[in-house]
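I have a structure I would like to understand better, so I am pasting it below and will then ask my questions one at a time.
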Amino acid sequence: MSKSFVLHSAFRPSGDQPEAIRRLEEGLEDGLAHQTLLGVTGSGKTFTIANVIADLQRPTMVLAPNKTLAAQLYGEMKEFFPENAVEYFVSYYDYYQPEAYVPSSDTFIEKDASVNEHIEQMRLSATKALLERRDVVVVASVSAIYGLGDPDLYLKMMLHLTVGMLIDQRAILRRLAELQYTRNDQAFQRGTFRVRGEVIDVFPAESDDIALRIELFDEEVERLSLFDPLTGHVESTVPRYTIYPKTHYVTPRERIVQAMEEIKLELAERRKVLLANNKLLEEQRLTQRTQFDLEMMNELGYCSGIENYSRFLSGRGPGEPPPTLFDYLPADGLLVIDESHVTVPQIGGMYRGDRARKETLVEYGFRLPSALDNRPMKFEEFEALAPQTIYVSATPGAYELDKSGGEVVDQVVRPTGLLDPIIEVRPVATQVDDLLSEIRLRTAINERVLVTTLTKRMAEDLTEYLEEHGERVRYLHSDIDTVERMEIIRDLRLGEFDVLVGINLLREGLDMPEVSLVAILDADKEGFLRSERSLIQTIGRAARNINGKAILYGDKITPSMAKAIGETERRREKQQRYNEEHGIVPQGLNKKVVDILQLGQGLAKTKAKGRGKAKAVEPAGLSAVEMTPKALQQKIHELEGQMMQHAQNLEFEEAAQIRDQLHQLRELFIAAS
């Protein structure tokens, strides 16, 4: 199944990239556990990492600090490695309210969640790829450190089928039910199977557009074929096939029975403790809830909130780390932590918040103490489990520098020849009027401006002031969710408005080549918003424009300002030297705006499989890119209905066309959520 990594790119490594690639590869081959790549904005860090992956041929996990950046990286990696398995592993919840108890008001909040089926399918596809092949790049968010089904149990539960195998129909159906597939002879969808005489059709949970047909004859597997579930068109026949469980959390029956006995023992011990402390209500509540869960597990093999019993189901001891995506990564895997100065602290913070909530549930009799072991990994456990790691950041944190022994691989020179922004320090007294005149200079030549303030009040007042003076301005604040934020960024790039005002403004992440000026108000007020790292990241937002400039308004130069200015000057000088030596003329980036919400061109190009007559599909992405996630979801439901109608009328050409449109819309929906 495994192929070799093949890197597809119109460019060759240039600037600092060849040296960075060589040093990273040498470090990995010498067995260095930690390396840091200091790559400035626009220097092609992702391309460098893609080259390292292609040269070393090792399965890789890329950790991003949020879904937005993960989607962007996934799109880029998909374009670099179209022939290999590039997978996406982020939280599959569109909405998630964990169960919680508020003692002060005696309020119990039930767990409530809405699962995005398409992302769930992509998660299952990611683990399947890691188990089956080596040419895998998984782009993940911090969701990767949360508990996942045990890989050993997951492997045990698989159903292996080969042509000529002796197995009767009922045994296959029983095994499919154990894998949590449901029988549905009418609506054939992901995670279901249907039976027609001696033919069983299975729609694998990790598949998006291919189903399996099992044809039996006299208790023998006569033929295995892969077909298009919409049109019924057989794509190919295969000698063997492995059906993976519908969820990561499936458990063999004998393990469930054993777990139930262990849960009963813990319940008996916990009841004694609660009764000894005269907590009668809590004891009664815990007994009732646990007995109900045990009954459900006995009858169905699972229950609502079964993850709270994960310690027993995976057979781990008290306090042991939960199985996570890292358990699926091969021992010689590679870990790349993007924007490490943000991602590393996130990994450390997840465990504490989760524990505080669960301790209250345990104390008041809503959960057994073992529920505390259904948790994200602690930071120390992550460190112990992480394979060889490359930290990637324009501003590495103290942790990464310490782990790398102070050795940093520099990638300061940009292949495009673009220089770091020119930095000017100007007095605070006239900052608003000075800013207004600078904005007018930029808007006259169709360039954009970012302004970062220290307080919400200041941001609101400044927005109002600029509006009164006829500027097209928007204000970005913490109440705006990820999707709306991406829409605002897209509108800024498209020129719907010219000035974006915010507080902790867009430091790590999305590229905005149209921004030529970054103005930092009150830059001389020391604090986390004006630290060296924050200043460098904010200044970097103007580094993709040929006329990039950063203005720091302050009456004195603080140590953080001095370091940020010094570091930017160092990078600027190094780039200038390189440009002169190689006769490079800096070129501005011209990045399509549509790219923000799409997950790489590779995803949009769906093939019309085996149907030569299929008409060219209208690119759903172009008009759909304007839509909000809610509108996208509505459009998806609408098209699904039309597709089924065409399929029932045997109009397979039209149904297939709509299916291809749905592919594109779903990718846009993932990026937007």
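Glycine is no exception: its Cβ is also placed from the backbone N, Cα and C atoms.
As the structure is a computational prediction, the values presented were derived from the model and not from experiment.
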If you check Swiss-Prot, which stretch out of 92-115, 356-379, 476-499 is marked motif 'Beta-hairpin'?
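Feature motif 'Beta-hairpin' in Swiss-Prot: residues 92-115.
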Far apart in sequence but close in space: which same-chain residues, 6 or more away, have a Cβ under 8 Å from Lys45 (ATP binding site)?
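When sequence neighbours closer than 6 are ignored, Lys45 (ATP binding site) has Leu37, Gly39, Asp338, Val392, Gln411 within Cβ distance under 8 Å.
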What are the non-local neighbours of Thr41 (ATP binding site), defined as same-chain residues 6+ apart in sequence with CB under 8 A from its CB?
Ala394, Gly540, Arg541, Ala543, Arg544
Only counting partners 6 or more residues apart, tell me which same-chain residues put their Cβ under 8 Å from the Cβ of Val40 (ATP binding site).
Ala394, Gln411, Val412, Arg414, Asp420, Gly540, Ala543, Arg571
Enumerate the residues of the same chain, Gly39, Val40, Thr41, Gly42, Ser43, Gly44, Lys45, Thr46 excluded, that satisfy the criterion Cβ within 8 A of the mean position of the Cβ atoms of the recorded ATP site; list them in sequence order.
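Other same-chain residues with Cβ inside the cutoff are Thr48, Ala394, Gln411, Arg414.
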Could you tell me how many residues in the motif 'Beta-hairpin' (92-115) are helical, how many are strand and how many are coil under DSSP?
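The composition, in the requested order, is 3 helix, 15 strand, 6 coil.
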